Amino acid sequence: MMTTLKLSIHPVILPSQSSFYCPSKNPLHIFSKNESFISLGGGSKLLTVRCVSEKFSDGHDSDGSLDHAYKSIQMLKQEESSFLDILKGANRILPHVVIASTVLALIYPPSFTWFTSRYYAPALGFLMFAVGVNSSAKDFLEAFNRPSAIAAGYAGQFLLKPLLGYLFGTLSMTMFGLPTSLGAGILLTSCVSGAQLSNYATFLTDPQMAPLSIVMTSLSTATAAFVTPILSLLLIGKRLPVDVKGMVANILQIVVAPVMAGLLLNRFFPQVCNAIRPLLPPLSVFVTALCVGAPLAINIDSVLSPFGMSIVLLITAFHLSAFISGYVLSGIAFSKVPDVKPLQRTISYETGMQSSLLALALANKFFEDPLVGVPPAISVVIMSLMGFSLVMLWAKKKEK
């Protein structure tokens, strides 16, 4: 009587880095640097083949060589990973760096006074390039498909903000008894377009909303050539001639061109993007610190003037009201939108942060009284500190 033995084979997964095929007569012989057992069984029958390590023909211990090589590779990978993590995580310390640069500018202004206004366009352009590298054309197309959100950001910039400016400008003259020129400076600060720093703040908090923020800021900046003179005429009673061509050229240089360069680099040269992407966060932190510390250092006399502390208090209340109003009102208007929280943060940045440097330039160019330029100069610092403090606060909330 003939008995048929049926053998079922169950595959066993061995460590890929330590096992390899053993050339022997028995094809089931596999050996590794550690002792391994392979089970071939069916039912209650179990066949076990013990695999033991062998020596290389040259007499060297393969186990030691493999161990040493493997550990070396793992250490290199860990060091590289740690270094990249440090670079990518540089944005987390941005609020602390902003505070440190503010203190340094107050204690030793020459540390920032070399960073004059001519460097601002390239600096902001670099921040926009960093946003472009980490975005795609699809993100911007999706941003244009949200006209209601764009309109809300625009209304916050040119409707809500001027109303708040009128409120605090009036308070400065009535309750605080400050000169009319300082009140005019607060009003002028509320009439200008959005700040490019709001785009970067949005990128740090909600990267997917950065294209929408850029569209909002670009629209307000493009139309500021017409809207800012009208608002200044209504609120201050002085018509300010703004260079339309200069405003458009400013948008192209600071926003459009750098973002497009980043998008094209990301699209056609992804390997280059992957190589430079870890370096962008620490460089961006350094550039942002310069953009915050320099205006304070250059205008330190205005901040330390007899009216300085009163203006700091008023400007702080002005920006705080704008941040809160933008957040709360957008939450009410878009309560049924799935991404309502990121949208609230984006519109809050857009409403609370604006191009105070433009207001400062207009004040220096079209007003004889130098006090008009004090509120915009202080606004640059307060806006940046408050904006990046919110970045830190909201980022921690998202992590929780």
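Glycine is no exception: its Cβ is also placed from the backbone N, Cα and C atoms.
The transmembrane segment feature in TrEMBL is assigned to 93-113 (among others).
The list of residues near the transmembrane segment (119-137) in space but at least 6 beyond its ends in sequence, with Cβ under 8 angstroms from a Cβ of it, reads 196-197, 199-200, 203, 207, 210-211, 214, 250, 253-255, 257-263, 265-267, 273, 276-277, 280-281, 283-284, 287-288, 290-291, 294, 357. Per TrEMBL, transmembrane segment is recorded for 119-137 (among others).
The transmembrane segment annotation in TrEMBL covers 158-176 (among others).
Per TrEMBL, the feature transmembrane segment maps to 182-202 (among others).
Per TrEMBL, transmembrane segment is recorded for 214-236 (among others).
Per TrEMBL, transmembrane segment is recorded for 248-266 (among others). Remote same-chain partners of the transmembrane segment (248-266), defined as residues 6 or more beyond its termini with a Cβ less than 8 Å from a stretch Cβ, comprise 121, 124-126, 128-137, 140, 196, 199, 214, 217-218, 221-222, 225, 272-273.
For 278-298 (among others), the entry in TrEMBL reads transmembrane segment.
Annotation source TrEMBL lists transmembrane segment at 310-335 (among others).
Annotation source TrEMBL lists transmembrane segment at 373-395 (among others).
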- Query: the transmembrane segment (158-176) vs the transmembrane segment (214-236): three or more C-beta pairs under 8 Å (separation of 6 or more)?
  - Reply: yes
- With pairs closer than 6 in sequence left out, are the transmembrane segment (214-236) and the transmembrane segment (373-395) joined by 3 or more CB pairs under 8 Å? no
- Note on the structure: Same-chain residues at least 6 beyond the ends of the transmembrane segment (310-335) with CB under 8 Å of its CB atoms are 148-149, 152, 156, 160-161, 164-165, 168, 171-172, 176, 178, 182, 185-186, 189-190, 303, 343-345, 347-353, 374-375, 378-379, 382-383, 386-387, 390
